[in-house]
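Look at TrEMBL and you will find 58-81, 88-110, 130-152, 187-210, 216-243, 250-267, 287-315 tagged as transmembrane segment. Sequence annotations record features per position, and here TrEMBL assigns region 'Disordered' to 335-419. Residues or ranges marked as compositional bias 'Gly residues' in TrEMBL: 344-356, 368-383. Marked as compositional bias 'Acidic residues' by TrEMBL: 387-404.
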Amino acid sequence: MQPSRRTALAALLAGLLVVTAAVLESVLSTVVFAITVAYVLYPLRQWISARGYPDRVAAGTATVAGFLGVVALAAPLSYVLYRRRRDLLDFFATIPAEIVIDLGSMVYVVETDAVFVTAQTTLRALAISLAGAAPVIALKLVVFGILVYGLLLKPRAPRVALLRLCPGEYHDVLLALHRRTASTLRAIYVLQGATAVGTFVVALATFAALGYQSPFALAVVAGVLQFVPVLGPSVVVVVLAVVDLVAGDTFRAMIVFVVGLILIGFVPDAVIRPRLAGGATDLPVSVYFVGFVGGLLTLGAIGFVVGPLVVALLAETVSLLSQNGVTTQQQLLGSVSTATRGSRSGGGDGAGGFPSGGDADHVVDGGASAGGAGDGGDGGGAGDSAETGDDDGAGTDGDEDDGDAGGGAGSGTADDPTR
């Protein structure tokens, strides 16, 4: 049996995706991260576009806003380090050759000369490595910016392609996964910001209670470092413990090391984040935490986004299976048939009698049932509504993609999935 054109194109797309992933392995994480950021910036792009600005201006403004958001995160940390640069230099100059750690009946002597030599060697190697990787990092940033801008400029092009390749009875599955992806990604980034704020509050209270100078600045640094996966605010706690050891305050060093790692390093990720995630991502706390930790340990920095997203898509797929395979189109089959008869007798708004701005699931059934009952204009309406039927507002602007999809549906081909 000869495969259909749709099946051949789907197989070709799958094969090319595998080849592309292998060829672009070095920037694959950049591509994934760009897609997630584009999902988050899409509402801003829509908001700008709804005020009458061209698509290019809306996409460019949203991309620049995302870049400025990253700069705003790094600015407080850079400012604090700049303001405290003299204090850091004075601290390193006052470190003695030997540090005596007195634990009552036990006394430990740490020779700092060997530590300084090791640290100096490590920092020199790190600086050389960063200098060598600077061109690669710059190229990845350029690729990231271009990808985000391109995805925001043509946000519906990938979805239209997938809808055309997928049979009409499975459109509700694609749209459900799309909605879950959008809501989960936005929730993840909002959760990251909320966790950083919670870290700042806990760190401010902890540092003030332990009597540190400038607890506000230290708390700001801890909150910003919450956006750095794996390490996070624990770096601040370890540095403060080392400073207290050098100053001879062993007791406070032990207190800040134990209490700080628990309250500042552990509580925000283990308590604040999962509790907020339960409501924001519509996932059980334990499931989200497993996705977050598993993603970090398996994929590294990008895992804090990909891990919960994969778990969320798995949960959405299980939810679809729990409906016993009954799709929205099958549930509305009776109403579709009625609407189709009405369209043939009285001339409905679009193919199958559904208005062009209706729900995408309805339009899919309307197009399949009508089988080209309307004329070319009606088909165009069905094509437009297939793109604009997403309930999260992902299809409210009218760029060129709508016209393309409308043209495809207007041809009257019964198996066109965008209808």
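Backbone N, Cα and C define each Cβ position, glycine as well.
Listed as Cβ neighbours of the transmembrane segment (88-110) (distance under 8 Å, sequence separation of 6 or more from its ends, same chain) are residues 81, 116, 243, 245-246, 248, 250.
Here the transmembrane segment (187-210) has long-range neighbours at 36, 40, 216, 218-220, 222-224, 226-227, 232-233, 236, 240, 252, 255-256, 259-260, 263-264, 267-269, 272-273, 276-277, 280-281, 304-305, 308-309, meaning same-chain residues at least 6 beyond its ends whose C-beta is under 8 angstroms from one of its own.
Looking at 58-81, 130-152, 287-315, the range that has the most CB pairs within less than 8 A of the transmembrane segment (216-243) turns out to be 58-81.
Same-chain neighbours of the transmembrane segment (58-81): 37, 40-42, 44-46, 48-49, 88, 145, 148-149, 152-153, 217, 220-221, 224-225, 227, counting only residues six or more beyond its ends whose CB sits under 8 Å from a CB of the stretch.
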